[in-house]
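Annotated in TrEMBL:
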type: BINDING; residues: PRO48; note: substrate binding site
type: BINDING; residues: HIS78; note: heme b binding site
type: BINDING; residues: THR79, ASP123, THR126, ASP131; note: Ca(2+) binding site
type: DISULFID; residues: CYS6-CYS200; note: disulfide bond
type: DISULFID; residues: CYS85-CYS110; note: disulfide bond
type: DOMAIN; residues: 1-204; note: domain 'Plant heme peroxidase family profile'
Amino acid sequence: PGVVSCADILAIAARDSVVRLGGPSWKVRLGRRDSTSASRSAANASIPPPTSNLSALISSFSAQGLSIKNLVALTGSHTIGLARCTSFRSHIYNDSNIDPSFANSLRRICPRSGNDSVLAPLDRQTPTSFDNLYYKNLLDKKGLLHSDQEIFNGSSLTDGLVKMYAADTSLLFKEFAKSMIKMGNIKPLTGNAGEIRINCRKAN
């Protein structure tokens with residue numbers, strides 16, 4: 001506390017978690033400082049919601065200096081983790097670009113109303129392993145979120161990248177690592193800006 005910032009700890013933990021689950025490693029640039037405030041609304045304004053279409057995703061990433069290749073590679077982080085029913089309900093009931101049997105299986109746990117907090121894996125086969133099955137699921141129209149399936153939905157901008165990552169894990173790992181480094185360098189607080197928090201839960 002007071003020496004290593006919470007921002008750096010999070011960046012290192014993200015890298016080490018990916019490695020622990022079988023994914024790639026990368027060199028984390030250190031020296032970030034913590035903000036003196038936190039804003040959920042500001043964070044949500046910069047992170048695209050699961051209802052986003054492809055153009056909104058591209059615009060959101062571009063606003064942070066991230067390319068379409070970065071977008072498709074970083075979306076691969078959805079090979080791990082879970083999402084709430086409220087995040088994928090619209091996709092399984094309203095969208096046509098979804099495998100019918102996959103949608104039906106999800107409707108059994110996520111009705112049109114209720115069960116809002118029920119969880120489903122973003123990658124149904126290996127939700128605790130960092131691999132390329134997320135992309136293979138997209139090829140089969142089995143993306144859990146609307147925004148996931150938008151990455152592979154007939155666009156010449158992203159479909160080819162999805163196919164490449166589905167076919168080549170080593171290429172995915174290389175591009176994911178490069179994209180994580182690039183994302184980690186977005187407007188960090190350094191020098192005398194911000195602070196180093198004593199308690200990561202709150203500003204000093």
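Note: Cβ is positioned from N, Cα and C throughout, glycine not excepted.
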Least surrounded among the disulfide-bonded residues, given as CYS6, CYS200, when other CB atoms within 10 Å are counted: CYS200
Residue among the binding-site residues ASP123, ASP131 whose Cβ has the most other Cβ atoms within 10 Å: ASP123
Cα-nearest neighbour of CYS200 (disulfide bond) within the listed recorded positions, HIS78, CYS85, CYS110: HIS78
Proximal but sequence-remote residues of the same chain as PRO48 (substrate binding site) (Cβ under 8 Å, at least 6 apart): ALA56, LEU57, SER60, PHE61, SER147
Minimum Cα separation from ASP123 (Ca(2+) binding site), reported as the residue among recorded positions CYS6, HIS78, CYS85, CYS110 that achieves it: HIS78
Chain-mates of THR79, ASP123, THR126, ASP131 with C-beta within 8 Å of site centroid, Ca(2+): ILE80, GLN125, PRO127, SER129, PHE130, ASN132, LEU133, TYR134
Local confidence of the prediction over the domain 'Plant heme peroxidase family profile' (1-204), expressed as mean pLDDT: 95
